[in-house]
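Record features (TrEMBL):
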- 2-388: domain 'Aldehyde dehydrogenase' (DOMAIN)
- 464-505: region 'Disordered' (REGION)
- 473-494: compositional bias 'Basic and acidic residues' (COMPBIAS)
Amino acid sequence: MEATADAVEAAVRAAHATRHALADRDRRAALLRRAAALLEADDAQLVATADAETALGAPRLTGELARTAYQLRSFADLVDEGGFLDVRIDRPDPGLTPPRPDLRRYKIPLGVVAVYGASNFPLAFSVPGGDTASALAAGCPVVVKAHPDHPATAERCAALLRRAATETGLPADAVVLVHGFQAGLDLVRHPLVAAAGFTGSVRGGRALHDAAAARPHPIPFHGELGSLNPVVVTAAAAVERADAIGTGLAGSMTLGTGQFCVKPGLVLVPEGAAGDRLLAALTAAAGATGPSAMLDHRMRDAFHAGVHDRGRLADVRAPLAPVVEDGGHTVSAAVLTVPAGRLATSGPHDLLLEECFGPLTVLARYADEDEAAAVLARVPGTLSATLHLSTAESAGTDPAGRGARLLAAVTPLAGRVVVNGWPTGVAVAPAQHHGGPYPATTSTATSVGATAVERWLRPVAYQDTPPALLPPELRDDNPLGLPRRVDDRPEHPAADPPGGRAAGA
C-alpha cells in the first residue's frame, strides 16, 4: 500500500483542484455533518475494524467515534456561524494622523493541508479527526497520510468522508488518503501542500517539521510531539485525600494502556506519611488493572526499554514493576519513585523528564516547596500541568497563598492547567486548548476546540478596493450575514441575511 512519488503527486494535485469548490461554506458545513452521520451509521464495522488493528477495545473506540462525530458537527456549526473568518472593516477617516484609508480584512484558507494520523487515536486524531475536520472547516482540502498501525480503519474512514463530499455536492478529492513512510516525507515537501498537522513522537514530528522548514517556501507545521504532563500534590492535599489522589492517578496513568498524550508522567509528591499513603493507593490500584495491549510490538518494546533504563538510575525504586508478558503487545503498569533532588540539576536523571509512552508514572518525592519548585523549573514544555490542592489552598484562604503561587509556576509550562482533577480526557469545547510550549507542540495553536481552525487560515486586507471587486465577506451590505467588527465595533446580524446566504460563501 506504499504510495509512490507519482501517487503522492497525483493525490496532492487532485486535492488542490477542489479548493474552489470548498469555498462554499454551506456545502462545507453539510460535508462535515454528513461525514459525522456516515461514521455513526457504520459504527459497528468501523469499531470492529479499528479494534482488530489496535486492540483498544470496543468501549473505548465507541466513545472515540462519538467524540469524532461531535467534533465534526462542532466544526460544521463553526462554519455556519462564520466568526472564524474574523471580518473587520475600518472605513476611511482623513481626520486621523496619519489619515486612514478604507481597510477590510478577513481570513482565507491556506490551501492543501497534509494530515498525519496518530497511532493511539485511529478516529479522533486520524483520518476523520480534528486536523481533518478543522482543515475542511477552514476551506482547505486534505491529504491524509495513514498511520501504519491502522491502515484498514484509515481506508474505511477515508471512503466515508469522500462519500460525504460527493453526497453534499463537493468533489470526493477534498479528502485523499496515502500510505507509507516515504509518502509522508514527499507530502510535506510537495510545493502545493500549504500546511501540515501531525500527532506522534518527537523524533518523527521533528523530522517532518524540519522538512517543512527546509522547503524553498517553508510552510506552517503544527506538530504535537511529546508531553510529560507533570502533577504537583501539595503536602496539605496529600494529608486531606491521599487515597483518592493515588487511586485517581492510577486510573489516569493506565487509561488506554497509558497511550494518551496527556498521561501524567511525573508526579511531585511530598515525603512523609501522607505521601506514602498516596503511593500505596497508587500501586494497589495500578497493579489491579492487569495487563493490557499496546498498539504494536515496537511501542511495547520501547515501553519496557524505557522502564528498564529509568529503573537503572541511582536512587530510583520500582514499587510497581511491569510484568513482561510472553508474546503479543500486552504490558502491565509500572510506578517508579525517585528523590526530587535528583531532578533538580542536570544529569543522567534528565531521562525522567522525558515522556515514556505507556502505563508508567514517576513519583518524585520532595522534601520541601523549594525542592519541588526546582524540579518544576526543569520540566520541558507540556500539554498539561495538574495541581492537587487542599480545600484551603483551592479557596485561596491558606496563609501561604500556595494555590496561586503554584498556578503561576506551572502556567508558563503548559497549554492547559488542571486543578484537582486529571488531564486525561480532553473535552471538545470552544475554550479548550490542546497544545503547549515545545516539545508539546511546534506552534502556539491548539488541535482541539474551535480555534483549531485558525491553523489553516491566514489574514488578508484590502485597501481602497472598489466595492464591486470586494469579496462578499467584506461588502458593506454583508450579504453572507457574517458577524464582524466595523470601525472597531461588533456587529451581529440576524442568523439569516435577507434573501438567504449567497452561493460561494
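Every residue gets a Cβ built from N, Cα and C, even glycine.
Taken together, the residues of the domain 'Aldehyde dehydrogenase' (2-388) have an average pLDDT of 97. Non-local neighbours of the compositional bias 'Basic and acidic residues' (473-494) in the same chain are 25, 81-83, 85, 87-91, 104-106, 462, 467, 501-502, 505; each lies 6+ residues outside the stretch with a CB under 8 Å from one of its CB atoms. Across the range of the compositional bias 'Basic and acidic residues' (473-494), the DSSP-based residue counts are 2 helix, 6 strand, 14 coil.
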